[in-house]
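A quick write-up on the structure given underneath.
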Amino acid sequence: MAAGSITTLPALPEDGGSGAFPPGHFKDPKRLYCKNGGFFLRIHPDGRVDGVREKSDPHIKLQLQAEERGVVSIKGVCANRYLAMKEDGRLLASKCVTDECFFFERLESNNYNTYRSRKYSSWYVALKRTGQYKLGPKTGPGQKAILFLPMSAKS
């Protein structure tokens, strides 16, 4: 590109589609990779939540849905359940959406995301180095256990 030149980008794709989101937008399934131990967040059909290192595990495919600005719900695609944080800080998967299923999603300065409970606002979704979830009251800012990298889960 020559100095002083201006490049313009098309406002709409040539096929006339909306083009509102680039490829890989939030509607595509994701895998949440935890910085602590290299586990992917897994939601089981029986409601259990943990982490696994196996990239091909079908239960790590997650649907992140924006509920309002900065707030998401996280649904296990295969399990058909929603990630929830209970009043004692346990993570589990609920068959239906409740007020315990909403999380503040924040992009941190290190480019990892954190998911903080909207209902229990000082607690985060977190995985221990063993792959087990970490209780909400034991989580806090600055911990590796709360850092997740959203990755594409397209087949």
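Keep in mind that glycine also has a Cβ here, set from the backbone N, Cα and C atoms.
Residues 1-20 are the range that Swiss-Prot records as region 'Disordered', among 1-20, 61-80, 81-100. In sequence order, Asn36, Gly37, Lys134, Ala145 are the residues of the chain that are 6 or more apart from Lys128 (site 'Important for interaction with integrin') and have a CB within less than 8 Å of its CB. Along the region 'Heparin-binding' (128-144), the predicted structure has mean pLDDT 97. Same-chain residues at least 6 positions away in sequence with a Cβ under 8 Å from that of Tyr82 (phosphotyrosine) are, in sequence order, Ser73, Ile74, Lys75, Gly76, Ala93, Ser94, Lys95, Cys96, Val97, Thr98, Cys101.
A simple Cβ count within 10 Å picks out one of the recorded positions Lys95, Arg129 as the most packed, and that one is Arg129. In the three-state DSSP classification, Arg129 (site 'Important for interaction with integrin') falls within coil.
Following the DSSP three-state reduction, the secondary structure of Tyr82 (phosphotyrosine) is strand.
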